[in-house]
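S.K.: Here's a structure for you.
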């Protein structure tokens with residue numbers, strides 16, 4: 001679904017992707033917005049042409065439900081995580097599996113690439129964060145400290161820090177600079193429910209969505225909560241900053257998508273009615289369109 005932004009949001013186009021054989025757990029757009037990934041309970045990763053809705057690939061290999069998927073910032077790779085405790089790295093152009101990353105002890109729930117696409121962070125039900133080198137597939141660091149399942153992650157624009165969100169209701173900011181101790185750098189507290197999604201802006205602000213139905217915008221360097229956004233009727237599934245960092249889109253586990261003014265904290269627009277559940281929202285690189293993917297019964 002494409003939505004015009006900024007200004008008045010209207011539904012411009014709706015495409016339906018109906019060939020899954022199980023519930024869709026996650027979805028992600030490529031950096032150029034041309035390809036949509038979907039992760040399914042049927043154990044497969046699907047690739048779709050955003051404009052036409054045509055199926056590009058259906059990729060097996062995982063031996064359990066696929067929980068999460070994400071493209072690398074350069075668009076050359078994508079990653080999928082699974083209940084089978086592995087992460088798979090795929091070549092986008094060839095739609096082939098390059099590596100299977102093993103190291104987690106339970107279901108892997110989140111994965112994120114560093115801005116230069118050279119590192120990968122993963123987290124899940126074993127309460128650990130693993131930092132991987134993409135090229136070799138080797139584990140670089142184990143980051144421990146969360147008290148419950150890790151459900152979300154995102155790298156800072158500089159790649160020096162990694163944010164992770166957990167069912168322990170906290171966000172941890174890990175210092176990844178060479179030579180620093182492998183301990184969490186800062187802990188952000190304020191949510192009263194599971195932290196379900198995270199997104200850094202290009203200016204270094206951090207947005208978090210939670211099961212407490214709120215979105216928080218933080219300045220991680222000072223551990224400051226800048227604004228709390230309320231208005232969702234269900235838990236928040238996805239958050240995304242506009243390229244200029246002035247707006248924030250949020251999708252609840254419902255038909256509702258909201259766009260906020262980051263300076264004032266006011267809701268600019270609310271869009272609902274096209275989807276039963278919104279999974280992912282992201283702005284196109286030029287900021288002119290808001291892409292939303294989700295599920296319908």
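Numbers here mean position along the shown chain, with the first residue as 1.
In case you wondered, yes, glycine gets a Cβ from its N, Cα and C as well.
So TrEMBL lists these for the protein:
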{"type": "REPEAT", "residues": "17-58", "note": "repeat 'WD'"}
{"type": "REPEAT", "residues": "59-100", "note": "repeat 'WD'"}
{"type": "REPEAT", "residues": "101-142", "note": "repeat 'WD'"}
{"type": "REPEAT", "residues": "143-184", "note": "repeat 'WD'"}
{"type": "REPEAT", "residues": "188-228", "note": "repeat 'WD'"}
{"type": "REPEAT", "residues": "229-270", "note": "repeat 'WD'"}
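Just tell me what is around each of these and how deep it sits.
M.R.: For the repeat 'WD' (17-58), the residues of the chain that approach it from at least six positions outside its boundaries are 64-71, 73-75, 78, 80-82, 88, 90, 92, 95, 279-280, 282, 284-285, 289, 291, 293-295, judged by C-beta separation under 8 angstroms.
Long-range contacts of the repeat 'WD' (59-100) within its own chain (CB-CB distance under 8 A, at least 6 residues past either end) are made by residues 22, 25-32, 35, 37-47, 106-117, 120, 122, 124, 132, 134, 137.
Per-class residue totals from DSSP over the repeat 'WD' (101-142), listed helix then strand then coil: 0 helix, 24 strand, 18 coil.
Taken as a whole, the repeat 'WD' (143-184) shows an average pLDDT of 88 in this prediction.
If one looks beyond the repeat 'WD' (188-228) by at least 6 residues along the same chain, the residues whose Cβ comes under 8 Å of a Cβ in the stretch are 148, 151-158, 161, 163-167, 169-173, 234-241, 243-245, 248, 250, 252, 260, 262, 265.
Assigned with DSSP, the residues of the repeat 'WD' (229-270) fall into helix, strand and coil as follows: 0 helix, 23 strand, 19 coil.
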S.K.: For the repeat 'WD' (229-270), find every same-chain residue at least 6 residues outside the stretch whose CB is under 8 Å from a CB in it, and list them.
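M.R.: 3, 5-6, 8-9, 193-194, 196-203, 205, 207-217, 276-283, 285-287, 290, 292, 294.
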